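Student: Mind having a look at this structure? Questions to follow.
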Amino acid sequence: MVDSYTIQISSNLINQLAGGENKVKKKTKKPKAKVSEEPHQPQSNVKPAPGTQKSSPSGAWPLQPPVFFPGPPPPPVAISELEAIRSVLQESERRVEKLEKQGDKMIQELTQRAKELRDKEFKLPYQNPTPCTAEREACLNCYKEHEADPLKCAQVVKIFAHCARQAKDSKGQFNSTKE
């Protein structure tokens, strides 16, 4: 039981659609075309006169693609609102610059204080210079110059030994008075 439907379009309907009689109409759902298993019966090959309208839907009105219009543009913003926005933006930029400068200054202060504390913490106490440094150097140079005959350096060695004894004695006195 195959139902076949036929649709007839009258010239009045075409005129209404083309002429656009402005009546408020309810939107109706468009029925979907059902594909029938039976082949279409060929329509009559009678061609209408050029002045008359066609009654077949396939040749009368070609389908046109839908036209989409952009949405309405946003309402124009008043100039006073723009000025208010600009002033707030400029004020915000000034605040950001101030905060950046303040941050840089704080970083500099922090690094300076950290450096001072590090210097105080790791500063070595005053150390006495090594005694008899010059005599020691003279002794070493003499031995380098006279490798073959080290007895020539006897006088320099005596001077270094005397200096070392004096340094030891003075340190002993210093330590005994300190204790």
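Quick reminder: no glycine exception, Cβ is built from N, Cα and C everywhere.
From TrEMBL, for reference:
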REGION    16-75  region 'Disordered'
COMPBIAS  41-58  compositional bias 'Polar residues'
COMPBIAS  63-75  compositional bias 'Pro residues'
COILED    82-120  coiled coil
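I'm curious about the neighbourhood of these features; can you describe it?
Tutor: DSSP states for the compositional bias 'Pro residues' (63-75), grouped as helix (H, G, I), strand (E, B) and coil, give 0 helix, 0 strand, 13 coil.
Residues belonging to the coiled coil (82-120) score a mean pLDDT of 94 in the model.
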